[in-house]
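According to TrEMBL, the protein has these features:
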type	residues	note
SIGNAL	1-20	signal peptide
DISULFID	Cys30-Cys45	disulfide bond
DOMAIN	59-209	domain 'Cupin type-1'
BINDING	Asn104, His109, Glu114	oxalate binding site
BINDING	His107, His109, Glu114, His155	Mn(2+) binding site
Amino acid sequence: MTSHWLLFGLLVAGCSLAFASDPSPLQDFCVADQNSRVFVNGLVCKEARLVQADDFFYSGLQLMGNTSNAVGSAVTPVTVAELPGLNTLGISMARIDIAPQGINPPHTHPRATEILTVMEGRILVGFVTSNPENRLITKLLQKGDVFVFPEGLIHFQKNVGNGYAVAIAALSSQNPGVITIANAVFGSNPDIAEDILAKAFQVDINVVYQIQSKF
């Protein structure tokens, strides 16, 4: 009987680890020590006696990002890299500015669910479910609307209005990560072999060369 309970305990512990995202804090706070050379899963804690109010503070989300680029958008992140006090707290956020007809191109956050609130404008949002269904789920959002993108799924935003659009995103990780699909596939370093991409996308290899040249 004891062995059964031991096995049960191990299974419960394994499930807890499997369902965890960022680790839960084991103290009031663990402000990231950006100068530490120790490598851990996350960031080393600064000594508590050295922690200041500014470790929990960030200023700048009132500023519009520069959308003068090929996709017409800018993302201003507030992750543990910008706000050390987020370390071990399992949250972060970002401001998203999108010019008229601009897009925040298809991307994923490998470590976080995202919940987005539209502050200004009209934004078409969507995500695609995993294989084999690959179902597109999309919605037109207005000011004040909220939409959630499940962790790891490809998603996007497009400004369909005539003015600039602004959204605030909250994410369930101090370091959600971002993989922009086009950049990763066609702008990897080194390049993915052109014949592989040509076969994967079922296009002529010259099309691949042309797209790669843009990244």
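Quick reminder: no glycine exception, Cβ is built from N, Cα and C everywhere.
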Environment of His107, His109, Glu114, His155, the listed Mn(2+) site - residues of the same chain whose CB lies within 8 A of the CB centroid: Thr108, Ala112, Phe127, Phe149, Leu153, Ile154, Pro176, Val178
Oxalate site shell beyond Asn104, His109, Glu114, criterion: Cβ within 8 Å of Cβ centroid: Ala94, His107, Thr108, Ala112, Leu116, Phe149, His155, Ala169, Leu171, Pro176, Val178
Neighbour count (Cβ, 10 Å) for Glu114 (oxalate binding site): 24
Protein Cβ atoms within 10 Å of Cys30 (disulfide bond), excluding its own: 22
Overall pLDDT of the domain 'Cupin type-1' (59-209), taken as the mean: 97
10 Å Cα neighbourhood of Asn104 (oxalate binding site): matching recorded positions from Cys30, Cys45, His155: His155
Long-range Cβ environment of His155 (Mn(2+) binding site), under 8 Å and at least 6 residues apart: Pro106, His107, Thr108, Glu114, Val125, Gly126, Phe127, Val128, Phe149
Local Cβ density at His107 (Mn(2+) binding site) - other Cβ atoms counted within 10 Å: 19
Sequence-distant neighbours of Cys45 (disulfide bond) in its chain (C-beta under 8 A, six or more apart): Gln27, Cys30, Val31, Ala32, Asp33, Asn87, Thr88
Cβ neighbours within the same chain of His109 (oxalate binding site) - under 8 Å, at least six residues apart: Phe149, Glu151, Gly152, Leu171, Ser173, Pro176, Gly177, Val178, Ile179
CB contacts for Asn104 (oxalate binding site) [other CB atoms within 10 A, all chains]: 26
